[in-house]
Amino acid sequence: MLYLPCLLLWAFPQFWGQSEVQQNYTFGCLQISSFANRSWSRTDSVVWLGDLQTHRWSNDSDTISFTKPWSQGKFSNQQWEKLQHMFQVYRTSFTRDIKEIVKMMSPKEDYPIEVQLSAGCEMYPGNASESFLHVAFQGEYVVRFHGTSWQKVPEAPSWLDLPIKMLNADEGTRETVQILLNDTCPQFVRGLLEAGKPDLEKQEKPVAWLSRGPNPAHGHLQLVCHVSGFHPKPVWVMWMRGDQEQGGTHRGDILPNADETWYLQATLDVEAGDEAGLACRVKHSSLEGQDIILYWGGRQVSPVLIFLIVGVLVLVVCAVAYYIIRKRRRSYQDIM
């Protein structure tokens, strides 16, 4: 009996996602298994709920590690131990079965090889959910579990037909996979959403600044808008001229900071002299509609700056009021 389906089982408490409160939440696992030869292999996994990592499982550890205080969700210790034991059995069996498949397919396929798996469930409003499991071989998406069976994607190589036939013949494992994806995963995620609500709903305001990048060509400038420290992950950043979006804006990948906030930069290449009047605009849920606008050349308007100015003005007013009251008291004492 092949245990590749268990890979999916493992993957259920793991799934990517992006989420906002009262919107869709994605829970997913990414497993990476590398096989240098028949005697050396390793498997590592990470689990995400929305933008937050909730679990990790190193090849060097027998147990799944929690990365959040609420990573067990609402599961009891007994429930969690049962799941963990199943995943331990799965990982051992998966490694063995992949080696058997490679042996069976030789010389068409041989070491080194890499297998990646992603699995989990996406939660929708009203307790609706949708599960998934995808398998990649040597970086190419080749197999999925859909409905009640394993399926080869159209572009997958023909040698996968036999392993998939064997997997689908194992009715007990297929039923277990369905239960884990369609029942256990949504149940576990609901508990995580409740237990991790403060972290999931956290709003961190972005900080933005401008800089000049390396000149892309003679007579041209590269303008760079940096945005950092924001959470949740979704953000909109664009170079503008007045109300006109600049189509040449290039946004890089959104990258994680060490404190679980995010960083993004947006660049714009312009001819020297055409940079006047350009501004970088940042929209984020934490700003509550008060966009950050940074003007190239020094003029800046942002909520943070406004709050600082207001704070300074309040301190000045308080100091003046204190001075006036104190002066009046002294005058009154002199009269007495």
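Cβ atoms here come from the backbone N, Cα and C positions, even for glycine.
Note that this is a predicted model, so its numbers are computed, not measured.
Swiss-Prot lists Asp97, Asp170, Glu171, Gly172, Thr173 with the feature D-galactosylceramide binding site, giving similarity to another entry as the kind of evidence.
DSSP assigns Asn24 (N-linked glycosylation site) to coil in the three-state reduction, placing it in neither a helix nor a strand. The N-linked glycosylation site annotation in Swiss-Prot covers Asn24 (among others) and is backed by sequence analysis.
According to Swiss-Prot, the N-linked glycosylation site annotation covers Asn37 (among others). Taken residue by residue with DSSP, Asn37 (N-linked glycosylation site) is part of a strand.
Positions annotated as N-linked glycosylation site by Swiss-Prot: Asn59 (among others). For the recorded site, Asn59 (N-linked glycosylation site), the DSSP three-state label reads coil. In the structure as shown, the Cβ atom of Asn59 (N-linked glycosylation site) sits within 10 Å of 14 other Cβ atoms.
Counting only same-chain residues at least 6 apart in sequence, those with a Cβ under 8 Å from the Cβ of Asn127 (N-linked glycosylation site) are Pro186, Arg190. According to DSSP, Asn127 (N-linked glycosylation site) is assigned to a helical segment. The N-linked glycosylation site feature in Swiss-Prot is assigned to Asn127 (among others).
Long-range Cβ proximity for Asn182 (N-linked glycosylation site), meaning a same-chain Cβ under 8 A and a gap of 6 or more residues, is found for Cys121, Ser129, Ser131. What Swiss-Prot records for Asn182 (among others) is N-linked glycosylation site, and it gives sequence analysis as the kind of evidence.
Annotated motif 'Internalization signal' per Swiss-Prot: 332-335, in sequence order.
Among the features that Swiss-Prot reports, signal peptide is placed at 1-17.
The topological domain 'Extracellular' annotation in Swiss-Prot covers 18-304 and rests on sequence analysis.
Annotated topological domain 'Cytoplasmic' per Swiss-Prot: 326-336, in sequence order, evidence recorded as sequence analysis.
Sequence annotations record features per position, and here Swiss-Prot assigns transmembrane segment to 305-325.
Around the Cβ of Asn24 (N-linked glycosylation site), the number of neighbouring Cβ atoms within 10 Å comes to 16. A gap of 35 Å separates the Cα atoms of Asp97 (D-galactosylceramide binding site) and Asn24 (N-linked glycosylation site). Glu171 (D-galactosylceramide binding site) and Asn37 (N-linked glycosylation site) are 31 Å apart (CA-CA, integer value). Spatially, by CA atoms, the binding-site residues Asp170, Glu171, Gly172, Thr173 include one closest to Asn24 (N-linked glycosylation site), and that is Thr173.
The two recorded residues, Glu171 (D-galactosylceramide binding site) and Asn59 (N-linked glycosylation site), have Cα atoms 29 Å apart.
Cβ-based neighbour count (10 Å, all protein chains) for Asn37 (N-linked glycosylation site) stands at 12.
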